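Novice: Handing you a structure now.
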Amino acid sequence: MERTIKVYVQGELLELPWNTTVRDIHDMTDHNRESYIALVNGKPAPEDRYLEEGDVVMFTRITYHFSPVGGRG
Amino acid sequence: MRRCDRCGREAIIYIRNKREALCESCLFLSIRRRAYSVLRRDLSDGDFAVVALSGGKDSSLSLILTKEFVEREGIDVRVAALTVDEGTSYRRASIEMAMKLTSQLGVEHRIVRMKEFHGFSIEEIREKKLPNERRTACTYCGVLRRQMINTIAREWGATKVVTGHNLDDLVQTFVMNLTRGDVSALSRFLSREPPSSSLVQRVRPLMYVYEKEVAAYCIAAGIPAHVGKCPLTQGMRIGIRRALDNMELRNPGFKLNLLKSAEKMISASRARLSEGIELRKCEICGEPTTERVCKACQLKAEIMKVIER
């Protein structure tokens with residue numbers, strides 16, 4: 001039987017294969033890796049980090065305040 | 001735990017185009033190296049650098065790096081911060097963050113309200129419905145804010161305006177200008193020499209730093225910067241941003257390569273691009289413009305019609 005881990009993703013408890021990475025969660029939940037940063041246990045995490053039992057994954061948008069340069073550079 | 005490929009500490013980001021994971025310290029060193037190369041090129045003894053500080057992550061990091069650079073290099077540059085309050089409810093939190101940061105750094109800070117400068121706030125325009133349905137709130141906000149920053153900085157005696165523009169912002173702008181066929185804007189894109197003495201030269205320390213790197217560093221280091229999306233954000237930039245993000249995902253390094261190509265192409269053809277484009281004084285406010293009346297005055301006229309109705 002395949003080994004699994006239990007992690008919280010955006011508040012939801014999920015059972016996932018033991019070799020799940022942050023990148024997999026990005027893809028699974030449709031959070032573009034360029035537009036969102038994954039926070040694992042409250043800290044930014046690299047996308048190739050393997051998740052561990054009990055990890056809490058949240059996404060934060062890489063925000064934009066307002067049109068930064070308004071077409072003029 | 002994923003370890004930093006350089007020092008073995010806990011990594012916070014994976015840099016896809018370099019295929020390496022970095023910890024908070026190594027990411028900061030990497031960002032600092034790129035920012036310092038721009039600051040070294042663009043700042044010199046006797047400059048007065050005004051940092052356009054919104055209180056968001058990019059301009060906050062820009063201010064931190066500029067202040068640090070001036071102190072470390074021991075150059076004679078005065079650093080101050082300028083915040084424009086557009087009058088949206090969303091801005092209150094970011095202005096508080098900006099005040100907190102400048103007080104922590106001991107930097108002189110001016111906050112100027114759009115209502116006082118232009119006679120109305122962005123919130124008021126939105127409440128009265130945007131005067132021109134084809135324009136978004138970002139157009140009014142961006143143009144009027146940019147004019148304020150330039151005018152106030154110039155009158156304050158600034159020789160440089162330091163902005164928080166990151167690599168993502170600049171690439172988006174380049175593609176927007178290309179899409180619109182805005183040759184005049186393209187000819188000035190990333191120009192180090194302002195086309196008019198009334199325009200204060202801009203310095204962009206984060207121009208080679210991905211937005212994602214700025215965000216990861218600010219979150220990890222706990223920099224007091226406002227995190228939130230402006231509720232009024234809309235327009236062409238969002239679609240271009242998404243398209244560029246998808247390209248970067250498939251081709252790591254795409255945005256950086258695009259920016260470098262833009263720099264090469266435009267610097268080689270700047271003279272041709274600017275042929276026939278003449279800067280003159282706006283008939284209403286006297287600010288430099290390529291038209292008879294500058295964009296800010298055109299937009300203000302549209303707004304005043306709605307407000308006076």
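Glycine too: its Cβ is placed from the backbone N, Cα and C atoms.
A TrEMBL annotation is a machine prediction, not a hand-curated record.
Straight from TrEMBL, here's the annotation block:
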type    : residues                                          : note
BINDING : B:C4, B:C7, B:C23, B:C26                          : Zn(2+) 1 binding site
BINDING : B:A52, B:L53, B:S54, B:D58, B:V84, B:G164, B:D169 : ATP binding site
BINDING : B:C282, B:C285, B:C294, B:C297                    : Zn(2+) 2 binding site
DOMAIN  : B:3-27                                            : domain '2-thiouridine synthetase TtuA-like N-terminal LIM'
DOMAIN  : B:50-223                                          : domain 'tRNA(Ile)-lysidine/2-thiocytidine synthase N-terminal'
Novice: The domain '2-thiouridine synthetase TtuA-like N-terminal LIM' (B:3-27): which same-chain residues, six or more beyond its ends, come within Cβ distance under 8 Å?
Specialist: 212-213, 216-217, 220-221, 248, 252-253, 256
Novice: Using a Cβ-Cβ cut-off below 8 Å, which of the binding-site residues B:C7, B:C26, B:S54, B:V84, B:D169, B:C282 are near chain A?
Specialist: B:S54, B:D169
Novice: For B:D169 (ATP binding site), which residues in the same chain are close in space, meaning a Cβ under 8 Å from its Cβ, but six or more apart along the sequence?
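Specialist: Sequence-distant Cβ neighbours: B:D58, B:E211.
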Novice: Among the binding-site residues B:C4, B:C23, B:C282, B:C297, which ones place their C-alpha within 10 angstroms of the C-alpha of B:A52 (ATP binding site)?
Specialist: none
Novice: Do you know the mean pLDDT across the domain 'tRNA(Ile)-lysidine/2-thiocytidine synthase N-terminal' (B:50-223)?
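Specialist: Value for the domain 'tRNA(Ile)-lysidine/2-thiocytidine synthase N-terminal' (B:50-223), mean pLDDT as a whole number: 90.
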Novice: What does DSSP say about B:D58 (ATP binding site): helix, strand or coil?
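Specialist: Assignment for B:D58 (ATP binding site) reads helix.
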Novice: Can you tell me how far the Cα of B:C26 (Zn(2+) 1 binding site) sits from the Cα of B:C294 (Zn(2+) 2 binding site), in Å?
Specialist: 45
Novice: Using a 10 Å radius around its CB, how many other CB atoms surround B:S54 (ATP binding site)?
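Specialist: The answer is 27 other Cβ atoms.
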Novice: Could you check which of the binding-site residues B:L53, B:V84, B:G164, B:C294 is the closest Cα neighbour of B:C23 (Zn(2+) 1 binding site)?
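Specialist: In terms of Cα distance, B:C23 (Zn(2+) 1 binding site) lies closest to B:G164.
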Novice: Where the distance is taken from Cα to Cα, which of the binding-site residues B:S54, B:V84, B:G164, B:C294, B:C297 turns out closest to B:C4 (Zn(2+) 1 binding site)?
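Specialist: Result: the closest of the binding-site residues to B:C4 (Zn(2+) 1 binding site) is B:G164.
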Novice: Could you round the CA separation between B:C7 (Zn(2+) 1 binding site) and B:C285 (Zn(2+) 2 binding site) to a whole angstrom and send it over?
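Specialist: Cα-Cα distance, B:C7 (Zn(2+) 1 binding site) to B:C285 (Zn(2+) 2 binding site): 55 Å.
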Novice: What's the CA-CA gap between B:G164 (ATP binding site) and B:C297 (Zn(2+) 2 binding site) in angstrom, rounded?
Specialist: 25
